[in-house]
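I have placed the structure first, in the form of structure tokens, so that the comments after it can refer back to it.
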Amino acid sequence: MDTIFALATAQGKAGVAVIRLSGPRAYHAASLLAGSDLPVRGLSVRQLKDTRGVPLDAGVVLTFAAPASFTGEDVVEFQIHGSLATTEAVLRCLGDLDGLRLAEPGEFTRRALENGKMTLPQVEGLADLIDAETEAQRKQAQAILSGALGELAESWRAKLIRAAALLEAVIDFADEEVPTDVSPEVRELLTGVRSDLEQEIAGVRIAERIRTGFEVAIIGPPNAGKSTLLNMLAGREAALTSEVAGTTRDVIEVRMDLGGLPVTLLDTAGLRETGDLVEGMGIALARRRADSADLRVFLTEDIAAMGVTRQPGDLHVLPKADQRPAAENAVSGITGQGVDQLVQQISAVLKTRSASAGIATRERHRIAMKSALDALERTSAVLESGPDLYDIAAEELRTAIRALESLVGRIGVETLLDEIFASFCLGK
């Protein structure tokens, strides 16, 4: 096993930089730079020197002996001054040592997974936590990182193993009279797990939206003030505005934090009949993006006049509040009138929807849980035929158990791991 090292903090100049090592030669390498009397476990302030004895920097050295470390291996961290020259000098010195190499993206976390220090959902949670931009994303990622999804999956798995064991007992003693009918307990176990799976599957889409961001489309006729409103909401000139109708041809996206939720605002082309080919393409794109958005905000006098049907949850506000005498439910991107109220409305709708989010956050999670649920439904159907088909029911239970094992990363996830770890930085 190679010993790996990398800069664990962001690239660039900073007050402090952290360089991490992990592997069988981590402690030896640290001793060469920081002194042979380095404690096996603990913290010390040291003068770091290269192999010729030339000073590199003064810093803090943290040593973690296996298995009590992030990766489960011997781990050392150098906390040094974060200048580009200093970090480069220490990294270059480590690279010259035998048995050490620069880590690949996510390799520290991969070793933590392989050594049983983390589950696959926790790895995904860590990736999401690093990418979190809003409070809702932070809380969601922290829940996954804490092991909530893994614990839930393990509880389901334990119940299914119990159910399978009961059926196997009947199968093994088929030639003898079994004193107890196991089917009521098996059905109770299956019903509980099925109910939990159905609830969790239903919440995946919203949970995934919290992770990736809700899309809110601003829709209206040309010159309704959509781009001006977008600029007001974004706090900057994100979209070109003009008195000429049809200025917006493409969909303009602005990502922002709205009440702790990640939101991507979409400024779409004005909806109208047009003979202009390019504008027509923009309008067609606007309709498609609006249809797929999580929430639509209609900025218009009359929704029906645009040939669009209002759906439950859509918001309707009147345009150009600055040109109306004390109009209610109207907004102006020029003066800001009604904008705060609109933000509150959008936040309220999205927060209500977010309340139904489950712990599982990814399509991979949904697929694994749906596979388990399908197997349990087949199990329940087979059970109705009585003990003669218990062997088939037991096999369906094993299928469900394997699906849950893929959820927590026990089986069949090697290709997925490469994709996940590629998104990590070198020092993670």
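Every residue gets a Cβ built from N, Cα and C, even glycine.
Any TrEMBL annotation is an automated prediction that lacks curation.
Following the DSSP three-state reduction, the secondary structure of GLU77 ((6S)-5-formyl-5,6,7,8-tetrahydrofolate binding site) is strand. Per TrEMBL, the feature (6S)-5-formyl-5,6,7,8-tetrahydrofolate binding site maps to ARG20, GLU77, LYS117, LYS428.
Per TrEMBL, GTP binding site is recorded for 223-228, 242-248, 267-270. Other Cβ atoms within 10 Å of the Cβ of LYS226 (GTP binding site) number 30 in total over all chains.
ASN223 (GTP binding site): 19 other CB atoms within 10 A of its CB, across all protein chains. Annotation source TrEMBL lists K(+) binding site at ASN223, SER242, VAL244, THR247.
Per TrEMBL, Mg(2+) binding site is recorded for SER227, THR248. In the three-state DSSP scheme, SER227 (Mg(2+) binding site) falls into the helix class.
What TrEMBL lists as domain 'TrmE-type G' is 213-351.
The number of other Cβ atoms within 10 Å of the Cβ belonging to LYS117 ((6S)-5-formyl-5,6,7,8-tetrahydrofolate binding site), over all protein chains shown, comes to 17. Annotation for GLU77 ((6S)-5-formyl-5,6,7,8-tetrahydrofolate binding site): spatial neighbours ALA8, VAL18, ILE19, ARG20, LEU21, VAL61, LEU62, PHE64, criterion Cβ-Cβ under 8 Å with sequence separation of six or more.
LYS117 ((6S)-5-formyl-5,6,7,8-tetrahydrofolate binding site) sits 57 Å from ASN223 (GTP binding site), taking the CA atoms of both as reference points.
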